[in-house]
Amino acid sequence: SLCPFSPLNYQTVLKPNMDALSSSFLSPLSHPKFISSPTTVTITITKPPSLTPPYLPNLLNISSVRIEDKPQTTTTTTTRTTSQPLKEQSPSSSSSYPQKPTTPKKAAPPPPPPPPRRQIEPSFPATIFNAFDDIINTFIDPPLRPSVDPRYVLSNNFAPVDELPPTECEVVEGSLPPCLDGAYIRNGPNPQFLPRGPYHLFDGDGMLHSIRISQGRATLCSRYVKTYKYTVERNAGSPVIPNVFSGFNGLTASAARGALTAARAVAGQFNPVNGIGLANTSLALFGGSLYALGESDLPYIVKLKADGDIVTLGRHDFEGKLFMSMTAHPKIDPNTGEAFAFRYGPVPPFLTFFRFDADGTKQPDVPIFSMTRPSFLHDFAITKKYAIFADIQIGMNPMEMIVGGGSPVGTDPAKVPRLGIIPRYAEDESEMRWFDVPGFNIVHAINAWDEEDGGVVEMVAPNILSVEHTLERMDLIHASVEKVRIDLKTGIVSRHPLSARNLDFAVINPAYVGKKNRYVYAAVGDPMPKISGVVKLDISVSEGDRRDCTVASRMYGPGCFGGEPFFVAREPNNPEAEAEAEEDDGYVVTYLQDENSGESKFLVMDAKSPNLDIVAAVKLPARVPYGFHGLFVRESDLNKL
C-alpha cells in the first residue's frame, strides 16, 4: 500500500530496494541493544516525479527513517506487555531505596499519543543531495567505529524519544517538598531523525525534559529546542546540516561532506549565518531570561508556560553584541547576578572572555591572544576576583584528520596542560597569567575561590586521567576529582586528590559559586556516560590526612542509571542558610532510568543524610533518555520569564 508505482515497478524497483534496506539497515536496528522498548519504524519513500520508470532503480530515495517509542500504557494486551515498576530490593542492600510508608495515590492518566508525523515530499535538488549523502555514508565514510555507529551510540536509554506535551505524573514514594515548587529542566541530545551515517553522542538535537512541580504535584514535558537547524530539517523532512563531531573524519569524508554542505547552502536549503548549533548541552538563567545552550552557537531563549509546556522564543545575540557562539557553562555570581562566559574557536583569537551585567547587558569582548593554538575549552571557573581557564591536551588536530583519517578534534600527548588566570573585570589580556600543570586535563570545573586575600586561587575539578579516550571511548575515561592550589606570588602549583572514584558531572550549592564551599555532589561513572550513583564529598577534610572525601553516597542498583545530580537549597532566601553548617541543607534531584523495566523516575534525595535518603520518587509517564546538564528554576523566577 506504500508503493506509489505500478505492480511491475514494484517487482523491479521497490521490492529489491526494500529487501536491501531490510537486510542492511533495519535488521541490525532490531537488535535488543538498539531497540529498548516497543517501537514504530516509519519509512518515507520518494521519487523525483518528473523522471520516467527506467531511471527509478538508481534514484529511489529513502528520504527519512524515524524510530519512535510507543507511549507507555497501563493496560495489558495479548501481544505486548506493560512496563513493570522498579523491583523492590532488600532494605539491607546499599543500593535500595529506603522503604517508607506511603499513602496510595491515584494513578496518573497515560500520556496522549504523539501527533502523526507530517510526510514531506522532498524537492528534486533535495533528492539529489540526499542521494549524494547516502553515497558518502555508505561508501566514503560509513560508521565503522563504535563511537560513531548509531546502533551502539543510540542503544538502550540513549535512544531518542518523541516530544511529550505536559502530562501529569504519579508520586509513587514519599512526597515532594514545598521548596521544590518550580521546575527541574535537563538538556540533552535527541536526534530528530535517525542518523544516515556516523553519529556521535554529542551530535543530537537538543531536547529539554522538564518536570514542573506545584503543591506536591508534578507534570512532565519534553520538547525540542526549536533551533534553526531543527526547523530547517523539520521542514525538509530529513537531515540537512552535517554532524560536527562525527561528520568530518578524514580528508576525503571532510571534503565530500563540506562540498555537499556548501551545495545545500547555495541551493538555499539553509543559511549558515543563522547558526547550525544544537542547543543540546545545558541551561542557564541570567538577566531575566532562561537559555538553552550549546557551545557551537548562540543561546536560545526558552520559556515555561503555566501548564508546564516549553516554548522556544528564539536565538539571542544580545542586541548584536554576541558573535558566533558562547560556552554552555556560563558562571553566574549569586551575589551580583552577573554572568561570566567565553567562546573558543579554530581561528585567532582562540579564546574570548566576556561578561553580562545583572540585567543581561553584554560587556565588550576580551580576546586572549596568549592562547597560541586552538584548545577544547568546554568549561571554566570564577572566583570573586578571577576567571580560570584550562588549556588542555584536547584541541584541533587537522593533521590527524588528514593523515590518520580521524576527527579534527583530538589529543596532543606532547602538549603540557596549563591554567590561565585573568581578573574577571579585565578590559584586556595584559594581566593574564599562565601556569603549567602537567597531567591536569579537565573538561568540567566544579568551583574555585580566592585565598589569602587573592594571593592564592584554589580550584576543584575532575581530572581526566585517560584524556586520549575523551571523544572516542568514553567508557574508558576515568576522572579523578582534585583540588589545585595556585600561588600567584610564587607561581607554585600544588594538587591534591579528593577521591579515587570515577566522578564527573559534579555540582555544588549554587549560592557558593566563586567562593569557598565545603560540599560537592558528583555522579559515579559506571563507566561514563552511564551514571550508577551519586556521592557527596566533603572537600574540607582534604586539608587533613584523608585521601577520600566521600561522606555520603547512593548507588541506584543493578540496571538502574541516573543523570547529573543537581542541588536545590531548602531555604535559599534564609540568611542563616549562608552559614557553612547549612550549605548542604537541601535536596539532590536527578532523573533515573531502570533498564530492567524501561521505567523512568524523578528522584529527590536528602542532601544532609549519610545515605542520601530518598525523600520522593515520581514515576514519569514517558521515558527520559540519558542526557547532559540540568537546572532547577524556582516558581518565583519562572513567573518573571
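Backbone N, Cα and C define each Cβ position, glycine as well.
Note: TrEMBL annotation is automatic and uncurated.
Quick look at what TrEMBL annotates:
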BINDING   His329, His378, His444, His629  Fe cation binding site
COMPBIAS  73-106  compositional bias 'Low complexity'
COMPBIAS  107-117  compositional bias 'Pro residues'
REGION    66-122  region 'Disordered'
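Surrounding the centroid of the Cβ atoms of His329, His378, His444, His629, where the record places Fe cation, the chain contributes additional residues within 8 Å, namely Thr281, Ser282, Thr327, Ala328, Asp379, Val443, Ala445. In the shown protein chains, 21 other C-beta atoms lie within 10 A of the C-beta of His329 (Fe cation binding site). Within the group of binding-site residues (His378, His629), the Cβ with the highest number of other Cβ atoms inside 10 Å belongs to His629. Within its own chain, His444 (Fe cation binding site) has His329, His378, Asp379, Ala461, Pro462, Asp504, Phe505, Ala506 as residues 6 or more apart in sequence whose C-beta sits under 8 angstroms from its own.
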